[in-house]
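Student: Here you go, one structure.
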Amino acid sequence: MMPNNPDVVPEPIAEVTPAMAAAATRSTWVSVAVNLTLSIGQVVIGILSRSQGLVADGIHSLSDLVADFVVLMAGHHSRKPVDEKHPYGHQRFETGASLALAAILLLVGGGMLWSAIQKLEHPEAIARVHVAALSVALIALVAKEGLFRYMLAAATRVKSSMLVANAWHARSDAASSLVVACGIVGNLLGYPLLDPVAALIVGGMIVKMGATFGWDALHDLMDRAADVKDVQAIRATLLATPGVLDVHDLRTRKTGDLILVDVHLDIDADLTVAQGHDIAVNARARVMRHHRVLNVMTHVDPCKRETPAEVAAGIRRE
């Protein structure tokens, strides 16, 4: 049996307060404002300056607007309290939103790849880009990198994987703006193929990110277990509960950014049913208090403890 150590108590987790939730919503609205401004500027200047890369980046920014509204809607629904039809809450709405965001990225990225390939197949149709396109691309690069840092900080505070995904989406936008700027520079220096090549690279980046987000969200919807580190921490908290002799059949599954747990607890068989129940309730409360866990289902297994004399004689009671 594993020893019980009641002195080992993890730090309580920080709860997501209304102020933190408001900060997350505010960061998303900031993203809406930035992406709306950039998408209009990039598409208009891209068309006027004949830069396919800048137009592609503008459409990418436009897709971010859709993503931002998906995040806002998911954040609103996932915070709804439990009801008769949703006894475990609405946390998986975030996972569904992440899957929808992945689909948006795949569609937008695929469209960019197709358009860029068409241009590369007909290089004679590639026009010389105006220098104004470079200025807009550089402004977009700085704005998107700043937006990424701002949104990631907000996502870290509220511990939302969906907001983290949206923040990294903004970082991919910054990287795509850098690629577009390089393509425009190449076009201005007399290498016109570099502009559609930049659009091709941007499309590939978007498709890759969409596939990654979609794969992760799909696994979460299929009841993927929590990270090994989280499971080990939950096990340690259970074993540190006074009265818990051992833990087995510990299972976890993700629901949004929270975890559902079910576990068997070995408790001294000589205790009363009420005493065993109190120990299980205490173990559950400790896990709920110290970890990002939505619910814990416990099962008490009676376990005979060996007396000192039995231990000395090598007698093990089953």
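Placed from the backbone N, Cα and C atoms, the Cβ positions cover glycine too.
Residues annotated as domain 'Cation efflux protein transmembrane' in TrEMBL: 29-222. What TrEMBL records for 29-48, 96-117, 129-152, 173-191, 197-215 is transmembrane segment. The domain 'Cation efflux protein cytoplasmic' feature in TrEMBL is assigned to 229-303.
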Student: Over the domain 'Cation efflux protein cytoplasmic' (229-303), what is the model's mean pLDDT?
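Tutor: Averaging the confidence scores along the domain 'Cation efflux protein cytoplasmic' (229-303) gives 93.
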Student: Among 96-117, 129-152, 173-191, 197-215, which stretch has the highest count of C-beta pairs below 8 Å with the transmembrane segment (29-48)?
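Tutor: Out of the listed stretches, 129-152 contacts the transmembrane segment (29-48) most.
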Student: For the domain 'Cation efflux protein cytoplasmic' (229-303), what are the DSSP-based totals of helix, strand and coil residues?
Tutor: 29 helix, 34 strand, 12 coil
Student: Which stretch from 96-117, 129-152, 197-215 shares the most C-beta pairs under 8 Å with the transmembrane segment (173-191)?
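Tutor: Checked against 96-117, 129-152, 197-215; highest Cβ contact count belongs to 129-152.
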Student: Should anything in the same chain at least six residues away from the transmembrane segment (197-215) have a Cβ under 8 Å from its Cβ atoms, list it; otherwise answer none.
Tutor: 52-53, 56-57, 60, 98-99, 101-106, 108-113, 115-117, 119-120, 165, 168-169, 172, 175-176, 179-180, 182-184, 186
